[in-house]
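**Student:** Would you mind keeping the following structure in view while I ask a few things?
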Amino acid sequence: MAQKVTVTVLAKMKAEGEKITMLTAYDYPFARMVDECGVDMILVGDSLGMVVQGETSTLPVTMDQMVYHTTLVARAAKRAMVVGDMPFMSYQTSVKDAVINAGRFIKEAGAAAVKLEGGAAVADRIKAISQAGIPVQAHIGLTPQSVHQMGGFKVQRQEDRLLEDARIVQEAGAFSVVLEGIPFEIAEKITKTLSISTIGIGAGVHCDGQVLVIHDALGINEGHVPKFVKKYKQIAQIAREGITEYVDEVKSQAFPTKDHSFK
């Protein structure tokens, strides 16, 4: 069995210049495929609000929903590190709430780490969760939970603030940081400055690793996708063809045949 990915393994990968792969998953079948294909980290993202639940943002997602989906993913993952994404208002309210809710991901759902959005503003949460023995992945730049405050999903270009946020989350105890929606030159500077790994999403090739939403990467999401997404397959098209073929065969009585029937 391949070595389980841990914070120590990720630190070694950064030190040796080996790129880190991360994808989202929200259920057992996809998590199993992602894990068996060699992805290093599985993010159970609050993005499930948009790609699974049909919401227009991640804001409505609840802790109970995140714990449920993380449980399914953790059950499937044998090698990959499972990271539970802390949803809106699960950590913003207080340090105590942050630690309690982070603990639910580990104790109830079986995750190995949690992710939360924000830089300096959540440093006390990162520190407290880390001191409770829970690995924390930070997330700076474009932070979807702050979409209203940012005025939409916009590229973040404030270099000094981004560099400062990155430094502060590292000092607070984060083992990694997601860099979302920032110019690649800034992401490169952050990656060279930090000793912890940077995982990019719309942040260029110089990050220590990359993450994508699986529904975007596999073409399951048929709506608008950001510029930074590459669709590696067109699963929605294949699924539609199969569903249409099924409907046609049932209507025409081509299915089921004797091969699919019992005597």
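Quick reminder: no glycine exception, Cβ is built from N, Cα and C everywhere.
So Swiss-Prot says this about it:
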type	residues	note
BINDING	Asp46, Asp85, Glu117	Mg(2+) binding site
BINDING	Asp46, Ser47, Asp85, Lys115	3-methyl-2-oxobutanoate binding site
ACT_SITE	Glu180	active site, proton acceptor
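Describe the structural surroundings of these features, if you would.
**Tutor:** The Cβ of Asp85 (Mg(2+) binding site) has Leu43, Val44, Gly45, Asp46, Ser47, Met66, Val114, Lys115, Leu116 as same-chain neighbours under 8 Å, each 6 or more residues away in sequence. In the three-state DSSP scheme, Asp85 (Mg(2+) binding site) falls into the strand class.
Counted within 10 Å of its Cβ, the other Cβ atoms near Asp46 (Mg(2+) binding site) come to 28, all protein chains included. Following the DSSP three-state reduction, the secondary structure of Asp46 (Mg(2+) binding site) is coil.
Taking the Cβ of Glu180 (active site, proton acceptor) as centre and 10 Å as the limit, one finds 24 other Cβ atoms among all the protein chains shown. In this structure, Glu180 (active site, proton acceptor) is part of a beta strand by DSSP.
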**Student:** Starting from the Cβ centroid of Asp46, Asp85, Glu117, which together make up the recorded Mg(2+) site, report each further residue of the same chain whose Cβ lies within 8 Å of that point, ordered by sequence.
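**Tutor:** Going along the sequence, the neighbours appear as Gly45, Ser47, Thr58, Val61, Met86, Pro87, Phe88, Lys115, Leu116, His139, Pro144, Gln145.
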**Student:** Considering each pair of residues in Asp46, Ser47, Asp85, Lys115, all listed as binding 3-methyl-2-oxobutanoate, report the largest CA to CA distance in Å, no decimals.
**Tutor:** 12
**Student:** Which three-state DSSP class does Lys115 (3-methyl-2-oxobutanoate binding site) fall into?
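**Tutor:** Going by the DSSP assignment, Lys115 (3-methyl-2-oxobutanoate binding site) falls within a strand, counted as strand.
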